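Chemist: Residues or ranges marked as domain 'Major facilitator superfamily (MFS) profile' in TrEMBL: 87-508. Taken from TrEMBL, the feature transmembrane segment applies to 139-158, 170-191, 197-217, 224-246, 252-271, 337-355, 367-387.
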């Protein structure tokens, strides 16, 4: 007997599964509020060098003081990082006669003045992470994703070793602790460390929620489950825009996005451990208890299975052994799946976060861009629900990634004056990117056997978070060539989409239990 047969007897998608998914969607909503928080936490408002007061400025307006103290760019705006060593009073007569002598231009000597009309404070304004320190500002997101990367390896292994639910609870508790410590940061170093640790903790939530939900539903509702859980990521995206709009001070914004984890911790006590995992580890008495509970809640009172039958199921597949990440590369088919899925995950995350962390330049406010980028994901997921069941997982995965890259590439050649067209193309790219992300979560959870599923998800999540960690740093390449970041995102998305064609199709195929099912 297969576990899929057991699910059909107890109700593969009844009231029990709906309640589980409802609870698991709570932490899912919270994830993007942290993963994309960098857009607001580290936002850099317009700024210019602070100008020390001089007696000669008494009768001058603020605009005139700026005119004689700060160089102008070719477009007429004031430089953000430079100032004149001495006031250039002749510019009051003709502001177009900018000095050609570069020796009188120097870097800001007295700090910066920021525009607080949009943000009360961000980490950029708190610690002057601008100009020469701009790299540290982008590195904040990288530190977070380095933490998520480390957490993917840790929680992937631990959840296969000690159980899905236990590790999910630990992950949520640590998320609250480190999230609140981040909000209380008194130095950049403290923030960098606590955000890294928050990333480690939240990685467990990201990694475990979907497989825990998927392992309780039957084949027919697997796609629906994956799409449903994914939709709540998009809802979290939109709620982040609302939270950031209402809370403009970075300390309190961190508190606002961390607090909901407490509700998830409370509600998670009701969710049972994965019966699949319990049987795989030979813990048949606990699995038997949860299966009976599921049957009772689903109204299947005639369901009866003995613990001995579950023991035979575990023994037949020899699933109680010890496995590690090395097991993903020991057999030829599994090795190919692991290598290709790793490349796909890297490409999906790299392009997704590359777009999600670039909310400017499309003619929309940063809050509206975040909201629109979130809301466009929902119809993208709806379309994927149809596509993955009609054309299959492999084709859907490959083409959504390729189309993401092509849309990013299109915006390289569209002039910035056509802001409306650029916005439409960017929104299309975001939709395709989210469709790729939705598919890869569902697809990967079906590629790996139960005994290695969390190890497989941990490994692929590691590469995804590596992509997420590198994505914000690529923005710094605009100093080499303005379009180089977009070219990089485009190339990686198209190449990883091509690799997806090498993966096997899993549409309407039973979830593999052991390595022999894969081979």
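The backbone N, Cα and C atoms fix where each Cβ goes, glycine too.
Given the structure is predicted, the values throughout are model-derived calculations rather than measurements.
For each feature listed, report its degree of burial, its nearest neighbours and the pertinent distances within the displayed model.
Modeler: Residues 34-35, 38, 41-42, 123, 129, 167, 171, 191-192, 195-204, 206-208, 324-325, 353, 357, 454-459, 461-462, 464-466, 468-473 of the same chain, all 6+ positions outside the transmembrane segment (139-158), place their C-beta atoms under 8 angstroms from a C-beta of that stretch.
Counting residues 6+ beyond its ends, the transmembrane segment (170-191) has Cβ neighbours under 8 Å at 27, 34, 123, 127, 129, 136, 140, 151, 155, 197-198, 200-205, 208, 251-252, 254-255, 257-258, 261-262, 264-265, 268 in the same chain.
Here the transmembrane segment (197-217) has long-range neighbours at 7, 12-13, 16-17, 20-21, 24, 27-28, 30-31, 34-35, 143-152, 154-156, 159, 164-165, 167-168, 170-172, 174-175, 177-179, 181-182, 225-226, 229, 271, 274-277, 294, 441-442, 445, 450, 453-454, 457-458, 461, 465, 511, meaning same-chain residues at least 6 beyond its ends whose C-beta is under 8 angstroms from one of its own.
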Chemist: Against which stretches of its own chain does the transmembrane segment (224-246) lie, if we need a Cβ under 8 Å and a gap of at least six residues from its ends?
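Modeler: Hits for the transmembrane segment (224-246): 13, 17, 21, 24-25, 28-33, 36-37, 39-40, 209-210, 213-214, 217, 253, 256-257, 367-368, 370-371, 373-375, 377-378, 381-382, 384-385, 434, 437-438, 441-442, 445.
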